[in-house]
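Below: the structure, in structure tokens.
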Amino acid sequence: REDLWVREGKILNPEKLFFDEKGSADVQLDCKDSIIAPGFIDVQINGGFGVDFSLATDDFKSGIDLVSQKILSHGVTSFCPTLVTSPPSVYHQILPQISVRNGGAHGAGILGAHLEGPFISKEKKGAHPEHCLRTFEAGAFQELLATYGSLDCVQIVTLAPEMRRSSEVIRELTKRGICVSLGHSVANLSQAEEAVQHGATFITHLFNAMLPFHHRDPGIVGLLTSDKIPAGRRVFYGMISDGIHTNPAALRIAHRAHPKGLVLVTDAIAGMGLAPGRHTLGQQVVEIDGLNTYIAGTKTLSGSVATMDTCVRHFQEATGCSVETALEAASLHPAQLLGIEHKKGTLNYDSDADFLMLNDSLYVQATYIAGEEVWRQDVLGM
């Protein structure tokens, strides 16, 4: 039951306003008992509303604009457009068209691209096309640069740490401020720990596309309770909390083992927000059947069609955690992962005024970016 003060797009400490400037609010808004929470940050989203971020099209920019506009209603105020494993020509065409930008009435802010693949394991490729997979054999980091073309707007790279020469690649990426995530991998625990010691900080969709937990070698999953994590470092892990990709019991196990590292991601594909049927994910055709999405003609799961606010509600329901905990998994934790928690992911003074109004059931009522209302639930539709 407090007031939230905003000025020039930032959350304001009202103390100076009262005592130094002797000022008061120019505009007052009655939030009608809503919960005010930081805006959600989605670090893994492949597309939505018919737009596929891994498809090189002439109007790629208008596609990314459409998605960034539409996800405002899900409470997402910034995101990392994610590309699945693709041929080099696709990266060379698409990456120059992605630019880091602030959010606003035009849509959610873009924090940089998440490149998931092609340096991943054949055995755990999931929905990634096998003929596009690559290794670091020849030139290690040079190989990666040649594949992507440029790292200018790249924020996260998902790779398999068991690959030869992955350590030097992880070091080089980390040196450039790029977050390295482990995923689509058959790594054992010591390979995963070594990757973390070289700078990796994230796990791509925990449990999906990795070896299942085994008590003698828990694999990447073992990082959640590993005692070999460098002091002062935290490993974060993404979870697709859509009720399909991970059984609620697995969600509870992960959350209880390492609550401070859990980052909710949608892993949404082009079919999010569209009717069931056939859609694309990069080089593949996928079929949507209810909340399930499969590579056409198979039972291989391929991304989700869940929205971020749905994932938050499902997570809270599945784990019985507090409302604050559920909201932090979609805001504070992804911000900490990307090292932007001084600006995003909290309601602290001087941070960006990206926030949501939610009702007690955690349905989004309004979305604000830099203190401006960018989306509001239509009262008739409520």
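Each residue, glycine too, has its Cβ placed from N, Cα and C.
As given in TrEMBL:
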type	residues	note
DOMAIN	35-374	domain 'Amidohydrolase-related'
BINDING	Glu116, His184, His205	Zn(2+) binding site
BINDING	Ala127, Asn208, Ala209, Arg216, His245, Leu301, Ser302, Gly303	substrate binding site
ACT_SITE	Asp267	active site, proton donor/acceptor
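Around Asn208 (substrate binding site), the C-beta neighbours below 8 angstroms that are at least 6 residues distant in the chain are Gly126, Ile240, His245, Thr246, Leu301. Taking the C-alpha positions, the distance from Gly303 (substrate binding site) to Asp267 (active site, proton donor/acceptor) comes to 5 Å. Note on the binding-site residues Ala209, Leu301: the fewest other CB atoms within 10 A surround the CB of Leu301. Proximity to His184 (Zn(2+) binding site), defined by a C-alpha to C-alpha distance within 10 angstroms, is shown by the following binding-site residues from Ala209, Arg216, Ser302: Ala209. Of all the binding-site residues given, namely Ala127, His205, Ser302, those whose Cα is no farther than the 10 Å limit from the Cα of the residue listed as 'active site, proton donor/acceptor' are His205, Ser302. Here the Cβ of Ala127 (substrate binding site) has 24 other Cβ atoms within 10 Å, regardless of which shown protein chain they belong to. The average pLDDT for the domain 'Amidohydrolase-related' (35-374) in the predicted structure is 96.
Each of Gln44, Gly117, Ile120, Gly126, His128, Thr158, Ser181, Gly183, Thr204, Asn208, Ala209 belongs to the same chain as Glu116, His184, His205, is absent from that list, and has a C-beta within 8 angstroms of the C-beta centroid marking the Zn(2+) site.
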